[in-house]
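J.: If you scroll down you'll find the structure; I have some questions about it.
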Amino acid sequence: MCAKLPCPPSRPYRCRNDRVCLRSEQVCNGIDDCGDNSDEDDCEDVMRTPRPCGKVEFTCSNHRCVAQELQCDLFDDCGDGGSDELHCKG
């Protein structure tokens, strides 16, 4: 059996499935980034302050940040019911 490689400092959280290393902001964000939901387990007590979105990002109603080019593309990229699709000009 091969030894696990350590997660890099920029992605310190190792998923339970040992396949993925995540950035801290990907843990307890309501999105199953690991594929086994281990990054979302035991998050009830975690109070996270959402990071501000960057200049080229859209701030979703659920505080998630998505690239501005994903806004008004007829797809719910935010995962919150489509806040990135509101107020689009047809």
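Cβ atoms are placed via backbone N, Cα and C, with glycine included.
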J.: According to TrEMBL, Cys65 takes part in a disulfide bond; indicate which of Cys53, Cys60, Cys72 is its partner.
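T.: TrEMBL lists the disulfide between Cys65 and Cys53.
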J.: Name the cysteine that pairs with Cys78 in a disulphide bond per TrEMBL, restricting the answer to Cys43, Cys60, Cys88.
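T.: Among Cys43, Cys60, Cys88, the record in TrEMBL lists Cys60 as the disulfide partner of Cys78.
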J.: Please name the cysteine among Cys15, Cys21, Cys43 that TrEMBL pairs with Cys28 through a disulfide bond.
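T.: TrEMBL lists the disulfide between Cys28 and Cys43.
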J.: Please work out the number of neighbouring Cβ atoms within 10 Å of the Cβ of Cys53 (disulfide bond), leaving out its own Cβ.
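T.: Other Cβ atoms within 10 Å of Cys53 (disulfide bond): 16.
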J.: Roughly how many angstrom lie between the C-alpha atoms of Cys60 (disulfide bond) and Cys28 (disulfide bond)?
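T.: Cα to Cα, Cys60 (disulfide bond) and Cys28 (disulfide bond) are separated by 17 Å.
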J.: Count, for each of the disulfide-bonded residues Cys28, Cys43, Cys60, Cys65, Cys78, the other C-beta atoms lying within 10 angstroms of its own C-beta, and report the residue with the smallest count.
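T.: If we count Cβ atoms within 10 Å for the disulfide-bonded residues Cys28, Cys43, Cys60, Cys65, Cys78, the smallest count is at Cys43.
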J.: DSSP secondary structure for Cys78 (disulfide bond), reduced to helix/strand/coil, please.
T.: coil
